[in-house]
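Below is one structure; the comments refer to it alone.
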Amino acid sequence: MYRRMSVRDAVDERSLTAVKDALDRWEDVNERDRKLATPLHAAIWNGSMEISRLLIERGADLEAKQIHGLTALHVACLNDRVDAVRALLDQGANVNSTEKHQKTPLHYACQRGDLVLANVLLNRGAHLEAATEHGFTPLHLACESGHLDMVYWLFIQNANVNAEGFQKFTPFHMACANGHVEIAHMIVDQYFDIEAKISTGWTPLQLAADCGHARVVQMLLDRGANLDARDNHDLTSMHIACQSGQLEVVQLLLNQGAGVDVKTHNHWTPLHITCWEGHANIAGLLLDRGADVKAVTKKELTPLFLACENDQVEIVWLLLHRCPWLII
């Protein structure tokens, strides 16, 4: 027995005939589901181009936004549907529409590394320097996601490599923080100040050290990054790597000449920080490299005291095993 459907149900069934029937019965072409998506959102998501074209012909709202602020054009970009993107733009869809985080369709295309889609959008008037709520441009997102070809294409389009987003993050900082060494290499060799700092005072080297990206750390050091640069709290890359437990990076920094007992303005050494945080493997390495186990902070706190204070039992056992005279 034939069952009458709403437009949305017919779209979900991917039945062109049922969609036509629902529309002929004057069912609402822009009805919303509980997530505020319209039948056009669903048709684009399902990849149903014939149904999508029919909905557009019957008056579907091209700029309708679902609960996350996505238009049909955003959805087409999320699904890498170049045919749908072209069809929507041909009918007048806003190429620079924004969702709730102020991302445009071009942001999504660049974040996903879809060069064909990005080219279509740019040729139809997409803003190359459009910024999200955090100030990130399409180039920021391409660098964050690691799409080398997309980054290169954006450079050719004259995207601003010095654009600053949240906390003064540039595309270069994004590449370093996410471990994309090829992208970071390309940017620093052609365009960028290797010592540029974000709002916390971290350099690209400190970002890479914090995130444990040893290849990026090595590349930056090879190109002259300052091993002893300090952030707003007087921490060096060595302190930061110890704080976040990045053993491979700590080894690398030591091998490159980082001071094993380098001090902050409060006289915290890497060993103090490591013992407080509880990274036993790094503590062992620092001791192997001659770290001063008797070093005291400005408040006269030793590494052993800090380990005890923060209940780092493994560190306490390590220190007492390696330096039994500490309990005398």
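Cβ coordinates come from backbone N, Cα and C, glycine included.
Some features that TrEMBL has for this protein:
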- 35-67: repeat 'ANK' (REPEAT)
- 68-100: repeat 'ANK' (REPEAT)
- 101-133: repeat 'ANK' (REPEAT)
- 134-166: repeat 'ANK' (REPEAT)
- 167-199: repeat 'ANK' (REPEAT)
- 200-232: repeat 'ANK' (REPEAT)
- 233-265: repeat 'ANK' (REPEAT)
- 266-298: repeat 'ANK' (REPEAT)
| query | What are the DSSP helix/strand/coil residue counts across the repeat 'ANK' (35-67)? | reply | 17 helix, 0 strand, 16 coil
| remark: Here the mean pLDDT of the repeat 'ANK' (101-133) is 98
| query | Counting only residues 6+ away from its ends, which parts of the chain sit with a Cβ under 8 Å from the repeat 'ANK' (35-67)? | reply | 7-8, 10-12, 14, 16, 19-20, 23, 29, 73, 75-76, 79, 81, 83-84, 87-88, 91-94, 97, 99
| task | Residue list, the repeat 'ANK' (101-133) vs rest of chain: Cβ under 8 Å, 6 or more residues beyond ends. | result | 69, 73-74, 76-78, 80, 82, 85-86, 89, 95, 139, 141-142, 144-145, 147, 149-150, 153-154, 157-160, 163, 165
| task | Run through the repeat 'ANK' (68-100) and tell me, per DSSP, how many residues are helix, strand and coil. | result | 16 helix, 0 strand, 17 coil
| Secondary structure tally of the repeat 'ANK' (200-232) (DSSP, helix then strand then coil) | 17 helix, 0 strand, 16 coil
| query | What counts of helix, strand and coil residues does DSSP assign across the repeat 'ANK' (266-298)? | reply | 17 helix, 0 strand, 16 coil
